[in-house]
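According to TrEMBL, the protein has these features:
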type: BINDING; residues: CYS87, CYS91, CYS94; note: [4Fe-4S] cluster binding site
type: BINDING; residues: CYS131, CYS164, CYS224, ARG296; note: [2Fe-2S] cluster binding site
type: DOMAIN; residues: 72-301; note: domain 'Radical SAM core'
Amino acid sequence: MFRVLATSSRLTRVSYHRTLATVATPPETIVDSASVTRHDWSKREVEEIFNTPLLDLVFRAASVHRQHQDPSKIQLCTLMNIKTGGCTEDCSYCSQSSRYSTPTKASRLVDIEPVLEAARKAKENGSTRFCMGAAWRDLAGRKRGFERILHMVREVRGMGMEVCTTLGMLSPEQARQLKEAGLTAYNHNLDTSREFYPQVITTRSYDERLGTIEAVRDAGISVCSGGILGLGESDEDRVGLIWEVSNMPEHPESFPVNALVPIPGTPLEKNEPVKYHTLIRTIATARIVLPKTIIRLAAGRNTLAESEQAMCFMAGANAVFTGEQMLTTPCSPWDEDKAMMNRWGLQGMRSFESEKVALKEGLARIPSETQTIVPKKETTIQPEQASR
C-alpha cells in the first residue's frame, strides 16, 4: 500500500518492491506530481511502479485515472483491414507477413464503398473511432492506393467520426497529406522495448518506428503507439516500452495494450498466453505514467472474462476495439460490449471527447464531470452524438 504525505504542491508516495505480502518495509520513496504530466520518468521509477503490490498498484492507477479523466467513459473503436497480407516485413507475431505460411491470404486494397459501409455500420453501433489498417512496410510506389486512402479518410471524417490509419512507415509529406484529409490519429506501435525489439523484428529498426511517430506528431496528427505482451519479453522490457513513450515530447494520445494471439505459421505460434496479472500491471503502470493518455485494451480482449475486463477498466483502460473482427484476430461484438458496459455503468465516449484529441484538432474540450454511475437495467449506450 502507499503512505501519502501531503506537501504544498506534490504528493509523496512510498512504493514497495513487488511482494506477496500486503505490508512491506518501504525501501524507496517516489515523489510524483498530482497534477503535472511528466516527461522525465526514469526507468527505475517506472520499474518501481510496475513492481508495486498488485492491488495497491490498481488502486493508485484508479486514483490517477479519476484525477485526469472520466472513469465512466470508454472509447469504442472499430478496426477494418483494408489491405490484407503480402507484407514484406518479418514481424514474428504477424500472420500478414509474406515470409510465413499462415491462413491469412494476400489481397488488394479494398474499394472505397465497402469501407464507408463498414464505417456507417460501426457508427450505428456506437463506435466513434474508425481505424483502417493496410499490411504494408511503407507507401513507396503506392501513389494511387494512397490517394484512395485519403478519399476514405475524408469520407469517414465527414461522418463525424474520428479516423485512424496504420499504413506502415510514413514520410513527413505523407503525414501532412493525411492531416489535410482529416486524419485524427495514426497507429504505429513500438511493440516492445528497444532492447528486445531485434528479437521480434529485423526488417524495420526501432529508430525508423520513432521516425514515423515524429513525422506524425509534427504534422499535427494524434499518435497511437503501444505494444504487444507475450512476445517472449521480460518485465524489464514491458517497463522499457512504457518508459520509451513516457519520455516522448508529447505522450501518445492513445497507448494500445495488446495480448499476443499466437497464429499458426508464425514464429511465435507456440508462445504461452501472457499472464493476466502481467496485463493488469502493464495497464496500471501505463495509466500512472501516462495520466492523460487513452489506454486501449486491444488484441486478446476476447479471451478475458467479463470480470477480468472490469479489472482492466479499474486499472485505467478506457478504450476497446469492438465489432466483427480486428485485423486478423477475433474481436468482441458490439452487442456483447454494450451489454457489458451497461452492467458496469460505463458509457461510450463521444467523438473528439478526449482532451488530447480535442486540443490537437483545435476544438474546445467537452466538459466532463466525474461522477458515480449506478448501473440500471434500462441504461442504453447511445450512438455517437453530435460531432464537433
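Backbone N, Cα and C define each Cβ position, glycine as well.
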Other residues with Cβ within 8 Å of the Cβ centroid of CYS131, CYS164, CYS224, ARG296 at the [2Fe-2S] cluster site?
CYS77, LEU79, ARG129, THR166, ALA185, ASN187, SER254, PRO256
Cα distance, CYS164 ([2Fe-2S] cluster binding site) to CYS94 ([4Fe-4S] cluster binding site), nearest Å?
20
Rounded to the nearest angstrom, how far is the Cα of CYS87 ([4Fe-4S] cluster binding site) from the Cα of CYS164 ([2Fe-2S] cluster binding site)?
20
CYS131 ([2Fe-2S] cluster binding site) and CYS87 ([4Fe-4S] cluster binding site), distance between Cα atoms, whole Å:
19
What residues, ordered by sequence, lie under 8 A Cβ-to-Cβ from ARG296 ([2Fe-2S] cluster binding site) and sit at least six positions away in the same chain?
GLN75, CYS77, CYS224, GLY226, SER254, PHE255, PRO256, VAL257, ALA317, ALA319, VAL320, PHE321
Averaged over the domain 'Radical SAM core' (72-301), what pLDDT does the prediction give?
95
Give me the CA-CA distance between CYS91 ([4Fe-4S] cluster binding site) and CYS131 ([2Fe-2S] cluster binding site), in Å, as a whole number.
21
Setting CYS87, CYS91, CYS94 aside, what same-chain residues sit with their Cβ within 8 Å of the center of the Cβ atoms that define the [4Fe-4S] cluster site, listed in sequence order?
GLU89, ASP90, TYR93, SER95, GLN96, SER97, ALA135
Tally every other Cβ atom lying within 10 Å of the Cβ atom of CYS87 ([4Fe-4S] cluster binding site).
22
Report the same-chain neighbours of CYS131 ([2Fe-2S] cluster binding site): residues 6+ apart in sequence with Cβ closer than 8 Å to its Cβ, ordered by sequence.
CYS77, THR78, LEU79, MET80, VAL163, CYS164, THR165, THR166, ASN187, PHE321
Report the member of CYS91, CYS94, CYS164, CYS224 (the binding-site residues) whose C-beta atom has the most other C-beta atoms within 10 angstroms.
CYS224
